[in-house]
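**Q** Quick one: the structure is below, and I'll ask about it shortly.
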């Protein structure tokens, strides 16, 4: 389809997915600087929570520098135009977290499940719609299901009340042909008024290309992050995606120069390490492994002497998915024992 003149909503991930490489330790001042910069650049929707969503603070996922309430309560009053979203993964976040987010002024709730487990989202999606929130069903690790399975899961979320469904490439594994096939199939199966979104990771350097293909296939919401700050090799870099959209005539409403300045002047100096496709991040995309596993694997490498990329390959072989972070150390320990005394 032609995309010239098409208007899309870009959704910034810097303050949520970007929490993963920051080990959830963003300060309130960093949150404020990024959020107000994005708002001034014209970004319409900004996600703010622990990297694993509302309620993510735990031994399993990591304790943040501040609570979700503190982050949201700090950012939301500062924004002039942008709205704020929050991620909620059933089993981590609860309906109480959802109500808290609504009370604080969160506009959009994104209820995320593994791509074959949409049935666990009914309670949260239904409540979000009752609360008159913009309600998104977020199908993670979408490379793990074929188009027909994704259609059935998307329709479940739609039936619960979701007004937008996301195809989520959590591993940065998908290539443009697969994105086209799956987004086109799901778009055709949903009601016309239900929006379609795409969330990419840059582990195989496909974030921008996959996002463009998703727009060409009917997606109207695209996730990206300033300077790509996100799990693994990062999310689709927002400033690059905006530049490509400008070239293609896709309307985003985002000022390219201001977006570049947020990325270069605010986000890059915040990074604890460069967000790039290093050998371990590359393996995430190559083996189809959940992007937020990266730092867990790097920590296990130091503890057990097994290389992070070998651990990630093993996690891919086992088919491990988001929520199984506690099994990463177990896998590394098993691999180390197989090689001899630790």
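Glycine is no exception: its Cβ is also placed from the backbone N, Cα and C atoms.
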**Q** Which of 17, 29 shares the Mn(2+) site with 199, 201 per Swiss-Prot?
**A** 17
**Q** Hey, Swiss-Prot has substrate bound by 16, 17, 199, 290. Any idea which of 159, 170, 217 it lists too?
**A** 170
**Q** What whole-number Å value do you get for the CA-CA distance of residue 199 (substrate binding site) and residue 20 (active site, proton acceptor)?
**A** 16
**Q** Hey, does DSSP put residue 201 (Mn(2+) binding site) in a helix, a strand, or just coil?
**A** strand
**Q** Over all shown protein chains, what is the count of other CB atoms within 10 A of the CB belonging to residue 16 (substrate binding site)?
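**A** Excluding its own Cβ, the number within 10 Å is 28.
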**Q** Pop the Cα-Cα gap between residue 201 (Mn(2+) binding site) and residue 17 (substrate binding site) into the table, whole Å please.
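**A** So the alpha carbons of residue 17 (substrate binding site) and residue 201 (Mn(2+) binding site) sit roughly 10 Å from each other.
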**Q** Determine which residues of the same chain, besides 17, 199, 201, have their CB within 8 A of the center of the CB atoms at the recorded Mn(2+) site, and list them by sequence.
**A** 13, 168, 169, 170, 172, 200, 223, 225, 230, 231, 235, 236, 291
**Q** Return the residue, from the listed recorded positions 20, 199, 201, with the maximum count of other C-beta atoms within 10 angstroms of its C-beta.
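**A** Compared across 20, 199, 201, the most Cβ atoms within 10 Å surround 201.
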